Amino acid sequence: MPGPYEHTKFEVRGPRTSIVDKHQNYTIAAPATVASADAIGDGCKALDYCSGNGACDHCTSTCSCVDRHGTFDNSQTNFNCEEIKCPMGHAWAGMPTQPGFAHGDLVPCSGTGLCKGTSGTCTCFGDWSGPACERRACPGWDADFGDCSGHGTCATMRALAMLDEALPLTSRENRSYAHSNNQRPSHTWDADRIFGCVCDSSWKYFGADCSLMHCPSGDDPMTRRDETDCFNVTADGGYGVGKVGNKCHVDCSNRGLCDHESGLCKCFAGFYGPACDTINVKALQEEL
């Protein structure tokens, strides 16, 4: 009922009726005309008539907010619908409800951000992201290059478990990532909320955020065997055996130190070349 309420007629039944609001108790003899309803609805005036974002109950002086206005659980008794609810997400930290089940409560900003009531938006902590701060940002995010330092693809844990090129390699037959969106078992509830990087080329880029670079690869010139020959070599992770012609990456041919930020080798004395795979006999003899 919009204000003002001057000269509004109310029908009062019974010989004497008490009209009660949060602030005062009025007794009016029936029949009667209330010349001003401010005495009945002054609580709504104090609530700025719900800021135009809800309906005010003039008897209880409370607001029923519409849309996203109000508090997330409407637990406050004197809110005026001025604030906007922030997006809700499953709480990242929570008490388990039974063995294997947790994180079922929906809370503003998933409990990993601050809710800005004036705009209804979340300010996420650290590397949390999403409208409700519901997921971890992919490693190596940069405003200019995007995810994974611009050298990889961002994928969820569920997707990473099923990719052929994700390291360490695993057998297709043994891959699975069970998850129930309804029951949300605690061991897989974050399957689509934590992200990782698959680097564009494991020969060049590596690291959690694909920011590190391998140095040029080469065969150690001081040994008889070819360290770059990966025939019959088992890949990291225990799955995958090198076939004829497969190559292993050997930074700086084991004859130098790799600067993984620049991808350049610093060769030991007596060795030179981009991969330190060439011997400088004279320098090596002087070193020995």
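Cβ coordinates come from backbone N, Cα and C, glycine included.
Unlike curated entries, TrEMBL annotations are predicted automatically.
Copied from TrEMBL, the annotated features are:
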- Cys248-Cys258: disulfide bond (DISULFID)
- Cys267-Cys276: disulfide bond (DISULFID)
- 244-277: domain 'EGF-like' (DOMAIN)
Using CB atoms and a 10 A radius, I'd like the single residue among the disulfide-bonded residues Cys248, Cys258, Cys267, Cys276 with the highest neighbour count.
Cys276
Quick check for the class: what is the C-alpha distance, in angstrom and rounded, between Cys276 (disulfide bond) and Cys258 (disulfide bond)?
10
Given Cys248 (disulfide bond) and Cys267 (disulfide bond), what distance in Å do their CA atoms have, once rounded to a whole number?
20
List the Cα distance (Å, whole number) between Cys267 (disulfide bond) and Cys258 (disulfide bond).
9
